[in-house]
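Undergrad: The annotation domain 'G-protein coupled receptors family 1 profile' is assigned in TrEMBL to 37-283. Positions annotated as transmembrane segment by TrEMBL: 22-43, 55-78, 98-116, 136-158, 199-221, 233-254, 266-285.
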Amino acid sequence: LGLLVNEFILFGLTQDPRKQKAIFGVFLMFYLATLLGNFLIVVTIKRSRTLGSPMYFFLFYLSFADACFSTTTAPRLIVDAISQQKTISYNECMTQVFSAHFFGCMEIFVLILMAFDRYVAICKPLRYTTILNRHVCSVLVILGWVGSCIHSSAQIVLALRLPFCGPNVIDHYFCDLQPLLKLACMDTYVINLLVVSNSGAICTVSFIILLISYVIILYSLRNYSAEGKRKALSTCTSHFIVVVLFFGPCIFMYTRPATTFPVDKVVAVFYTIGAPLLNPLIYTLRNAEVKNAMKKLWCSKL
């Protein structure tokens, strides 16, 4: 293991000073809005008596994962936009690889659990509470955490094997395996295959599972009344928007050979900052139960 580089320089989204000021302002607002939106959902679900169903149990963890996932990348991008020193130590860089993959993977698993919840609610409504009781939901979430830990541990094992002995400028705004592979002074073909088979497979297989589950749900809706159809479609549509926003960029980033494109950083913004910001908006604005619970809880507080 030839570790000669002990810090990296993050290139960021741009080197133009004027654009950097704009990036600082815009992304600071995005990040604060992400934290506020997800915090409101977490607290509302925890404190509200009406949001006790499994869907909200999973939404609680989605919002938690969103806030953490955004926190692994956004603060660094915001601070680097206005600082002269854009260095990140080797250990910090590896921590960022681990935490970004951990919370990103957790988000994927929770989205699958939410699709499973909708499937049971719509296709097996009479057995919904027995199939998805509190104990089952808790076990499923724990399995999600364990799966995320295995995935990110595999990523960090690959990252720690990379020897860096010369160039140390990462053409990105956070540490990830793809840009790090470009700097490694070894043949990265095998490691890249492992990245694709790990991250790429998780993204693609999960996306296919989600697509199939929504097709089954839509098919079973044909027996529902007009009102029932409308309600179920509204919930599933909001879930589906979130899925496409998150998985589109992920699949683009992690299922290809070891090449990096200039557009990668913009695509990464979509799933590291865009998705966690939009999730709370999509779930609350399209969900009357959450909106009413928020009004009740926060109006009584104020």
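Backbone N, Cα and C atoms are what each Cβ position is placed from, and that goes for glycine too.
Unlike curated records, TrEMBL annotations are generated automatically.
Each of these features: where is it, how hidden is it, and who are its neighbours?
TA: For the transmembrane segment (98-116), same-chain residues at least 6 beyond its ends with a Cβ under 8 Å from one of its own Cβ atoms are 55, 58-59, 61-62, 65-66, 68-69, 72-73, 137, 140-141, 143-145, 147-149, 151-153, 155-156, 174-176, 199, 202-203, 206, 209-210, 213-214, 239, 242-243, 246-247, 250, 271-272, 275.
Sequence-remote contacts of a segment are chain residues at least 6 beyond its ends whose Cβ falls under 8 Å from one of its Cβ atoms, and for the transmembrane segment (136-158) they are 54, 57-58, 61, 94, 97-99, 101-103, 105-106, 109-110, 113, 116, 177, 191, 194-195, 198-199, 202.
With a threshold of 8 Å between CB atoms, the same-chain residues lying at least 6 positions outside the transmembrane segment (199-221) that come near it are 101, 105, 108-109, 111-112, 115-116, 118-119, 122-123, 151, 155, 177, 228-229, 232-233, 236, 239-240, 243, 247, 250-251, 254-256.
Residues 55, 104, 107-108, 111, 114-115, 118, 178, 195-196, 199-200, 203-204, 206-207, 210, 214, 217-218, 221, 264, 267-268, 270-271, 274-275, 278-279, 282-283, 286-287 of the same chain sit 6 or more residues outside the transmembrane segment (233-254) yet have a Cβ under 8 Å from a Cβ within it.
Residues 13, 27, 30-31, 33-34, 37-38, 40-41, 59, 62-63, 66-67, 69-70, 72-74, 77, 100, 104, 107, 172-174, 176, 238, 241-242, 245-246, 248-250, 252-253, 291, 294 of the same chain lie 6 or more positions beyond the ends of the transmembrane segment (266-285) yet place their CB under 8 Å from a CB of it.
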Undergrad: To what whole number does the mean pLDDT across the domain 'G-protein coupled receptors family 1 profile' (37-283) round?
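TA: Mean pLDDT for the domain 'G-protein coupled receptors family 1 profile' (37-283): 90.
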Undergrad: Sequence-remote contacts (6 or more beyond its ends) of the transmembrane segment (55-78), Cβ cut-off under 8 Å?
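TA: Distal contacts: 10, 12-13, 23-24, 27-28, 30-31, 34-35, 37-39, 41-42, 45-46, 88, 96, 99-100, 103-104, 106-107, 110-111, 113-114, 117-118, 121, 134, 137, 141, 144, 173-174, 235, 272-273, 275-277, 279-280, 283, 289-290.
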